[in-house]
Amino acid sequence: MIKKYLFLFFIFLIFNFVLSIQPPLSEYNCLKNFVTKFKLSTKFPTNSTGGYDFCSIVSCNPVNGSINGFLSLQSESTTPTTVTVVGTDLSCLPFNNLNLQNFLISTTLLYTKFFTSCSTLAINSDSITSITQVLAPYETFTIVSKKLNGALKMSNFINQKSILITNSNSTSGYTLVNDALAENKIKLETPNFSGLLSVPDLTGYTSLGYPAFYFSDALEVTSLALANIKTIGAVSSRLYFPSTKTIQFPTSYHNDTSYLTIQGKFTKPTAVIDLSKFVNCRNIQILNYDKTFNINGEIPIKTSPFTDIYYTDGNITKIPIGGTSFVTWSTEQSITIKKSGLSGTLPPLSGVIPTYYDFSGNSISGTLSNTWCNTNIIVTDNLMTGTLPSCIVCHLNNSEVAKKFTGNKFTNLVTSNPPCTTFAPKIKVDKSQKTIILTGTDFGTYTSGWILNTTLSCEKLWTKVTYGSNYTCTYPSTTTLDKVSYFWINFNTPGRNYTFPAISQVPTPNSIIVGTSNSVTISGTFFSTYIGYVTQSISVGSISCTVGTSSFSSITCTLDSAPSTNTEQKLIITTNSLIKEAYISTVVGFNNNKLCPNDCTSSTRGICYMNNGTCKCNSGYVGLDCSGLQCKVPNCSNGGTCNTTVGLCVCDSSHQSLDCSLDFKQCPKGLNSLICSGGGNSCNNQTGICTCNSSHQGLNCSINYKQCPIGSNSLICSGGGNSCNNQTGICKCDSSHQGSDCANDFIQCPLKNSIPCSGHGICNNKTGDCTCDSGFTNQDCSGYTCTSNNCNGHGVCDTSKGICQCYPEWQDIDCQTPFKNCLDPTCSNNGICKNTTGICECNSSHQGLTCSIDFNQCPIGSNSLICSGGSGNICNNQTGICTCDSSHQGPDCGTDFIKCPTQNLTPCNGFGNCNNITGSCSCDQNHQSEDCNIVYKECPIINSLICNGFDNSCNNQTGVCTCDDLHQGLDCGLEYKPCINNCNGNGVCNNQTSICTCYEAYQGETCQFQINQCPNNCTTGGDCDTITGICNCYPLRINNDCSGYECLDPNCGDHGICNDMNGLCICDKGYRGDNCIYVDHYASSVIPTKEEGGTVLIYGLFGEINNDPNVQVGNSNCLISNITSNSIECIIGKGSGIKDISVTQNGFEWIGKSMFNYIKSKQSCPNNCNSNGICNDLQGKCECYPGFTGHDCNSLSKTDLISPSTPKVNENTANGIIENGENKFEIMVITLQEKTFTNGVLKQYNLENNWKLLEIINDENNNIFKFKQNLTDSSEISINLEIIKKDRIINFADYSFEISKDSIKVSINISNYIYSNSLNYLQLHLKSNAYKTNKTSSDDEFDCNLDDGSDAKIDNQDLENSNINHENFVTIIKDNKILNGRYIDHVISDGISTFISSRTIEKDSNSITVGLNLPHCKNCLIDPDFSVLLSTDFKENCSDSNSNNYIIPVSITVSIGGAAVLVGSAIFFYRKKFIENTLKIQLKRLSKNNSSGSDGGNTQS
């Protein structure tokens, strides 16, 4: 209760604090004058003191009350006024967004930019009737007027990125003229035109993002110019035609259009509208005014398979699942059909179909089957009933899921702890692809709610493979799973946290307890992620244990019966094919948690006794962990030992065998010094004798041996005179034998020309006989054979040729066929004579013995008979014509012949044609009846029906219609309808239409309602419901008079607010884009590469959405290899010098000026070390010779004659001061500026004299002064000045330097600075002074070093020309004493070292101001250092003009840190990261001045 009251108390304080704020006096008076001039007393009432509490009404800066944000002013006059708003009325206010409503506006306000700080101007005034000049350069300009008419030139909008022109009068409008020059068409991005009379031609406008076009009711359809739509090349085109005009649906669009919204009253198409060629279109929205735009109840368009469809307020009767009658949809599309009359039940899904459907606001009934589980289905506000499938119920605790099914009558739509029994995700890890694969059932689709543990993380969001059933995520390449065995995933819906294995691993229990009631509890790992994830079985001894619960790390089960407790029992856990065995004690309550060494190596080698932690090794294995192999012979004799690594006896050199019981004798060595010559030869180590293989011989098997073939007589080479060569293994036969074994006799066949069998046969040397080849004969195969068997006895074979010579009465090659001649051997040239029969074979068109007679076939009837058969039908084969009998007709005599009715011997009475096939008359158009003797008169025809059909009748003899009770007229074409209630006496009834024509002031079907007017007649954005007086706004139009425009995303991505004047989102700081979904990205630090090229790292804010990312360094593309929300890694080629860097994504570009500096391989030294040292070109530092010092070795190191410096801190100004003699050097942090990309100063914070001392810390080493001041209500800047009491080394970005005693170290912290734009940057100004004190020098011997009052000498050359080793030097010399300033060219930006540039802001005779260009960072750490030294012109003895010069070592090191403080957090997180080659901002010695004499007084810079 106390906390509650405290909270209310603080709210009260905050409220009163807000009310107490007032604008600065000049702004107060400016707004007061405006309120007074225009009498705005209602919105701005006076308070009790007679003044105004402006900041309680308009937006004021909560710190200083300045009206520097959004200002909206509205006239309170209800009648026309002559008081005009002019530019000077409000130019005294610093707002950045102005909205003027219903004032009389001066035209100069439109064309002159009076409000310099303003970027957005909106005017709603009917005093604007035309736009005749170029509008003032406000980036966003809105003009709303009911009297804005005529032709508007696009050249008048060349200064705008966003333009909104609205004529809210539905009876008039304007057109657009494309007259701008090409170079002036680039800037316009978001045009919004309302009240158009035709589609504008936007040829040449290439930067359009999301234009919108609203057309007036006054447009003429004939001059609408729909063809111009294809000139609108934009990411998204929106066209809204009025509901009062019917137009053809446009069919031609620009190829670059990705998103299309079109609203109108479209004519009913007669054919499908093919938009499939517009393959770049990703989404098309069709917003209907009536129900006609369909074909047979289907969406009448055909799109590409990549175009999403959004259709609303139409008439679609068929629920489309996989497509329509015109097109098959793809899985890449989403389908939305809202408020369009869909009815019936949702059919089950099958096949390849889209995975997104939105059927909200229809009349779909029935249940939702589980076939819809793997789709994104939305059925809000339908008539569905029954139970939702478990795949949906599991995720109803997610409000985004639940709202998809509200507005129905589902019985299980429970959003709090919904029952879930089917949730079963499965995980697979592919280490080669560094990918986690998620499959399973009913795990949902809300990937952002799948959270991995810290072991793993997805580089990006989960990637869909198959919607609802297969997703993958890739973990970073730097992550290794070699040592990761498992990990967990937290599924926010349905609220389950599961641990999954990353490897295949047997169950690993580490604790097993048998409890009461035969329960068993097992703890460990690699069991089952949940019951059913793997197949599990558990047994203890021979008793099964039924699993009750299971997770990755525990199992509970119940034994079927009590186990024995006398001895340890074997526990067996099986998961899929993996088995784990262990022996346990089954004593109730005993914890078997003793793990064995190395888990007994493996399940095949041993089993662990988990009651005492010892292994029971399986047969063949030995050792504490069963890792050793038992020898096959337990005792190795003759001094042998058992090697348990391999399980074999190791014998000494004179013994062998498994148990070392046999002696060992070596056999002789042969070829290649191998025992028994190696190869397949073997040695008998017991006898020492070689046993050669079949191919070798000899004592050491070194001689080859090949056996010859053995003959049938079992003799080698068959014995006799045959011989064998054992070296080659080949037999050599004598002259009377042959064959590989010489076993066959050899007999020569007959020869011809010394060739056996004449070369035409095969000789059988065993018999001496020839076997002739086919076609040859005789004993020596020298003759030829005939093809027949001795010419069949009808001829003689000529063996010299192999041809039959037939006798005269025979023919053919074998003389087998008799020869007969025809009567006419030529067959009249119409056939062929067959000599085998002597008969002519005629062709198809002739006949007869000699083929001399023509032949024509008669037609064949349907009964397959010539001339249809019958006795009376005759065929003439010479003419091919049938002659029919009297009862048949037709060419094939297949048709009956029937006579028609005849009168006066004239068929059909002479008024018709007789059909002898049917015997019926076809009367002419003027006669009727069977014999055509009655006259025929036609009745009137309407709708292609005689007398309009229905129950109307026609008298064809008179030609007169007789109408039924519901029709009238000569053709019965007019309905007869009475009006309901006779129009209630408030109108006139048309009985033909049954429609009432109401009197003025009445409406309704029966004139039963009076007319109520709507506000502003619904502007042009809706239809008036004159019954209720309420506007029904068109889609994307809002407010009670439909005057407002709804943004594409009304919530603006939850990162902005919708401006209903133009339908555009006003994004929160840090977001951009039409729907505010993109972060306003920027880079805060860059780690460059060497001049040879390589990997570049960019850190900053880039968000989760990175469409078409691109990085440019100067003019070179840096190829992106990886991108996250806060870093980019890219690869660039070689280059050199300082470059701009740009990061482009999501269509927006960010540029960092001079932010990239290639790392040099070699560095030069300042002034080449003045020949007083050696240059270290790796670091760019001088290594001075003895006696010299300084960054360029131009100072002497002798310091014993110099008085010490005195460091101080001014507690009022926070200035660091070092005094030395009469000289005072002062270092101040004076200004912080927020600068634009074009280097303009947007904001400036004067830091000088505004510091507040917080604390002084003094100890033996240091003395620290802490100051701070507020920059805005949410950011501050603090400064610490530390007086160094002992020498010490400071490291900054891998750069080391020494801070000497009596130095001052300055640290600056800029906390939580909020930039006005992501392209802006901060510039910090540091000022250094040198001047005289009023002290009298006690070192008179050095008076010759005092100047004569002349100015100090300042050199800032290196600062302006930074080319040396990351260090810039500025020096101030006074009385030969030097304030030496070194500025490093790197800062630590948000924890990362990055390059910065610096420049001289101002320089006069005794001071210099340096500006450090900080990156767009939240935390910046800058580290310049300052030193007071002696010039080489300093004289040790004034009498000796040639004496050596000395240096006073007094150093001031300044560290400026921007460690941003997170608002509302008690934790300060600071992170430093250093890289090679830091920027050093150094002070350089200027030219020497040898003037002497007494000090003429102080010179203040």
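Using N, Cα and C of the backbone, Cβ positions are placed for all residues, glycine too.
Per-residue pLDDT, averaged over the domain 'EGF-like 2' (782-816), rounds to 77. Taken from Swiss-Prot, the feature domain 'EGF-like 2' applies to 782-816, supported by sequence analysis.
Swiss-Prot lists 975-1008 with the feature domain 'EGF-like 5'. Listed as Cβ neighbours of the domain 'EGF-like 5' (975-1008) (distance under 8 Å, sequence separation of 6 or more from its ends, same chain) are residues 965-968, 1026-1027.
The list of residues near the domain 'EGF-like 6' (1043-1077) in space but at least 6 beyond its ends in sequence, with Cβ under 8 angstroms from a Cβ of it, reads 99, 122, 124, 142, 144, 162, 164, 168, 190, 192, 209-210, 212, 236, 1016, 1019, 1021, 1035-1037, 1101, 1105, 1146-1148, 1314, 1318. Residues annotated as domain 'EGF-like 6' in Swiss-Prot, with sequence analysis given as evidence: 1043-1077.
The annotation domain 'EGF-like 7' is assigned in Swiss-Prot to 1161-1194 on the grounds of sequence analysis.
Note: ASN192 (N-linked glycosylation site) has non-local neighbours SER162, ILE163, LEU164, ILE165, THR166, PRO211, ALA212, TYR1045, ASN1062, GLY1063, LEU1064, i.e. same-chain residues 6+ apart with C-beta under 8 A of its own C-beta. In the three-state DSSP classification, ASN192 (N-linked glycosylation site) falls within a strand. According to Swiss-Prot, the N-linked glycosylation site annotation covers ASN192 (among others), on the basis of sequence analysis.
Long-range Cβ proximity for ASN453 (N-linked glycosylation site), meaning a same-chain Cβ under 8 A and a gap of 6 or more residues, is found for PHE487, TRP488, ILE489, ASN490. Taken from Swiss-Prot, the feature N-linked glycosylation site covers ASN453 (among others).
Spatially close to ASN612 (N-linked glycosylation site) yet at least six residues away along the chain are LYS594, judged by Cβ distances under 8 angstroms. The N-linked glycosylation site annotation in Swiss-Prot covers ASN612 (among others).
Residues annotated as N-linked glycosylation site in Swiss-Prot: ASN643 (among others). Under DSSP, ASN643 (N-linked glycosylation site) is assigned to a strand (E or B) in the three-state scheme. In sequence order, CYS631, CYS649, VAL650 are the residues of the chain that are 6 or more apart from ASN643 (N-linked glycosylation site) and have a CB within less than 8 Å of its CB.
Taken from Swiss-Prot, the feature N-linked glycosylation site applies to ASN693 (among others). Reduced to three states, the DSSP call for ASN693 (N-linked glycosylation site) is coil. Cβ neighbour count for ASN693 (N-linked glycosylation site): 15 (other Cβ atoms within 10 Å of its Cβ, all protein chains included).
Under the DSSP three-state reduction, ASN726 (N-linked glycosylation site) is assigned to coil, being neither helix nor strand. There are 14 other Cβ atoms within 10 Å of the Cβ belonging to ASN726 (N-linked glycosylation site). Look at Swiss-Prot and you will find ASN726 (among others) tagged as N-linked glycosylation site.
Classification of ASN916 (N-linked glycosylation site) by DSSP places it in coil, neither helical nor stranded. Positions annotated as N-linked glycosylation site by Swiss-Prot: ASN916 (among others).
Sequence-distant neighbours of ASN991 (N-linked glycosylation site) (same chain, 6+ apart, CB under 8 A from its CB) are TYR976, LYS977, PRO978, CYS979. Annotated N-linked glycosylation site per Swiss-Prot: ASN991 (among others), in sequence order.
Shown in sequence order, SER170, CYS1024 are the residues of the chain, 6+ apart in sequence, with a C-beta less than 8 angstroms from the C-beta of ASN1017 (N-linked glycosylation site). Per Swiss-Prot, N-linked glycosylation site is recorded for ASN1017 (among others), and the stated evidence type is sequence analysis.
Here Swiss-Prot flags ASN1309 (among others) as N-linked glycosylation site, drawing on sequence analysis. In the three-state DSSP scheme, ASN1309 (N-linked glycosylation site) is classed as strand. Taking the Cβ of ASN1309 (N-linked glycosylation site) as centre and 10 Å as the limit, one finds 21 other Cβ atoms among all the protein chains shown.
What Swiss-Prot lists as N-linked glycosylation site is ASN1334 (among others).
Summarising the annotation, Swiss-Prot assigns N-linked glycosylation site to ASN1437 (among others).
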> Which chain-mates of ASN916 (N-linked glycosylation site) that are at least 6 residues away have a CB under 8 A from its CB, listed by sequence?
Replying inline: GLN889, PHE897, ILE898, LYS899, CYS900
>> Let's see if you can do this one: DSSP helix, strand and coil counts over the domain 'EGF-like 6' (1043-1077), in that order.
In response: 3 helix, 12 strand, 20 coil
> Quick one: Cα separation, ASN726 (N-linked glycosylation site) versus ASN693 (N-linked glycosylation site), in Å?
Replying inline: 15
>> To the nearest Å, how far is the Cα of ASN693 (N-linked glycosylation site) from the Cα of ASN1309 (N-linked glycosylation site)?
In response: 93
> Looking only at the domain 'EGF-like 7' (1161-1194), what are its DSSP counts of helix, strand and coil residues?
Replying inline: 6 helix, 10 strand, 18 coil
